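**Q** One structure coming up, written as structure tokens, with questions to follow.
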Amino acid sequence: MFVILLAVVSALFLFLREVFSGRLIVRDYIFQIGNFRLRWYSVCIATGIFTGYFLARRRLKNYPITPEDLDEGLFWGVIFGILGARVYYVAFNWSYYSRYPSEIWKIWHGGLAIHGAFFAALITIYVYSKLKKRFNFVHAADLFTSVLPVAQAIGRWGNFFNYEAYGRPTNLPWGMYVPPEKRVPGFDMNTHFHPTFLYESLWDLAVFVILYFIVEKRKKQFGETTALYLVLYSIGRFWIEGLRLDSLMAGNLRAAQIVSMILIIFGASWYAYLMGKNKNDVQK
């Protein structure tokens, strides 16, 4: 297993070195039949979702949630999550989409905001838990956020194939070459940029390891995983967002940084409350 993993990592490193140097240009689709293109963006998102689902199934024994509820919750969560991700993105780019409304539905070109997906999925889980009355919302939120980071880590690679969501120009050895037609206006003369998709993918993977393999095994209160996800993911997102050139803006501020700061404060406060509650329960 170690040898296989080492071979995969080595092959990925060599592949990225060729792409980042500009010697290899990747295309945004795998194959085309007629007018249909199977795009890498869609494949990355689908792979992330199914990986998260598989890992959630393995954790079900620790939760009072049935496989049937997980399957149905996933179905509706994915539908409304994608819808929420697109609505969020379009809302912050309305000046463009109001002029080209036919582009609103073309999600395979990119344009899904993770914060929109996250909030929509959480609301869906909450409504589903209240309608079915078979499981607790906080329990489901913990299960959801314990696997969400790995889905995000995989999904971010869709940005890689689309040459989007990259950062400021850089001369660092790992700077990513971006073809002229994919460069943000005003940076046409720059060739290499921060691969922020990779930064966030690695950060998300680290958050997943912490939550899934450490916090989930040691937590004393339901809600701890969700609270820590809000804090850990948002810290990384706040920093990485500051590097990006294509941020969604709320006035003169980056929308993702505003949301991340709110989530950090909320998550930290919730976690402190849970720790205090656990301490009081022990003393009793």
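Glycine too: its Cβ is placed from the backbone N, Cα and C atoms.
A TrEMBL annotation is a machine prediction, not a hand-curated record.
The model shown is predicted, which means the values in this text are computed figures rather than measured ones.
Feature table excerpt (TrEMBL):
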type	residues	note
TRANSMEM	37-55	transmembrane segment
TRANSMEM	75-95	transmembrane segment
TRANSMEM	107-128	transmembrane segment
TRANSMEM	197-215	transmembrane segment
TRANSMEM	222-240	transmembrane segment
TRANSMEM	255-274	transmembrane segment
**Q** Can you tell me which parts of the same chain pack against the transmembrane segment (197-215), counting only residues 6+ beyond its ends and a CB-CB cutoff under 8 A?
**A** 16, 55, 59, 145-147, 149-150, 152-154, 156-157, 159-160, 165-167, 174, 176, 224-225, 228-229, 232-233, 236-237, 240, 243
**Q** Give residue numbers and ranges for long-range contacts of the transmembrane segment (37-55): same chain, 6 or more residues beyond its ends, CB-CB under 8 A.
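**A** Long-range Cβ neighbours of the transmembrane segment (37-55): 26, 28-31, 70, 74, 78, 108-110, 112, 146-148, 150-159, 161-162, 212.
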**Q** Please report, as numbers and ranges, the same-chain residues at least 6 past the borders of the transmembrane segment (75-95) whose CB is under 8 Å from any CB of it.
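**A** 49, 104, 107, 111-121, 123-125, 128, 144, 248-250, 255.
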**Q** When you scan the chain for residues with a C-beta under 8 Å from the transmembrane segment (222-240), skipping those not six or more beyond its ends, what do you find?
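**A** Same-chain residues near the transmembrane segment (222-240) but 6 or more away: 136, 138-139, 141-142, 144-146, 148-149, 152, 167, 196, 199-200, 203-204, 207, 210-211, 215-216, 256-257, 259-261, 263-264, 266-268, 270-271, 274.
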